[in-house]
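Enquirer: Just passing along the structure, written as structure tokens.
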Amino acid sequence: MLPIIAANFKANLTRAEVQIYAKELESLLTHIKSNTKASPQVDIFPSASALLNDDFTHFHIGAQNAYFALNGGFTGEIGLSQLTEFHISRILIGHSERRTLFSESQEFINKKFQFYKAAGFCIYYCIGEPLEVRQRGENALKDFLSAQLSGIDVSYPQLIIAYEPIWAIGTGVSATMEQIQATHNMLSTLTPAPLLYGGSVNGTNAGEILALQNVSGVLVGSASLKIESFREIIHAAL
Ligand code: G3P
């Protein structure tokens, strides 16, 4: 099975830039499809103001965040009805930047999960530890990541789990292959969901990461912002 290659643009790229990017991505994937029998599953997550209709042939558009309601008095948020307008049916939940910068608790994240599960969304559910937890050893790591999965239906067929160690996000220093392998092996005992790795993935390390057991794909931040560097990661997946 070909891997899942996903891009989280965070608060980067304007709507106009995402429109150009999406066209280039569609033509890249069309080219890949015509030359190889299969191409990887590609999903991109632009900011809320840059959401486009999810009507491309070779990849899907997802939302980085949304509130657990159809619509209503939730200033600063978007809801299911705004996503439905763009035919969007995938969402990131539990990203460490939401957990830390926006103080999203496990209880709050659970509500989002339940709501978007009931709506049938493909949920990219993110987990990952701070450096001090990793330094405390294997048991501490397992306890921490298990707590981030608590209340989540880990057998939901539309669930994808992205393991993103916080200390590797945006630092240019990815976890080592040994760390990724050991953590993904451990996570595979907790859930049957596909497991993605995220944290300083780039065109150079993607091939090696994707070749590891229990790694079903990658979730890419910085290296997804330019189509040239995202293309290298897609090529590493072929
Ligand atoms: O969600 C993807 C992300 O957090 C990883 O970011 O910049 O380390 O690839 P980056």
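Each residue, glycine too, has its Cβ placed from N, Cα and C.
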Enquirer: Given TrEMBL annotates Asn8, Phe9, Lys10, Gly170 as substrate-binding, which of Ser49, Ser200, Ser216, Ser229 belongs to that site as well?
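Expert: Answer, per TrEMBL (substrate site with Asn8, Phe9, Lys10, Gly170), from Ser49, Ser200, Ser216, Ser229: Ser200.
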Enquirer: In this structure, which of the binding-site residues Asn8, Ser200 has the fewest other Cβ atoms within 10 Å of its Cβ?
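Expert: Comparing Cβ neighbours within 10 Å for the binding-site residues Asn8, Ser200, Ser200 has the fewest.
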Enquirer: Just to be sure I understand the contacts, which recorded positions have a Cβ under 6 angstroms from any atom of ligand 1? Candidates are Phe9, Lys10, Glu164.
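Expert: If the test is a Cβ under 6 Å from any atom of ligand 1, the answer is Glu164.
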Enquirer: Have a look at the recorded positions (Lys10, His95) and report the one with the fewest Cβ neighbours inside 10 Å.
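Expert: Minimum Cβ neighbour count within 10 Å, taken over the recorded positions Lys10, His95, occurs at Lys10.
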Enquirer: Within 8 Å of the centroid of the Cβ atoms of Asn8, Phe9, Lys10, Gly170, Ser200, which other residues of that chain place their own Cβ, given that this set defines the recorded substrate site?
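Expert: Neighbours found: Asn12, Ile169, Val220, Gly221, Ser222, Ser224, Leu225.
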Enquirer: Rounded to the nearest Å, what's the C-alpha distance separating Glu164 (active site, proton acceptor) and Ser200 (substrate binding site)? Just drop the number here, would you?
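Expert: If we compare the Cα positions of Glu164 (active site, proton acceptor) and Ser200 (substrate binding site), the gap is 9 Å.
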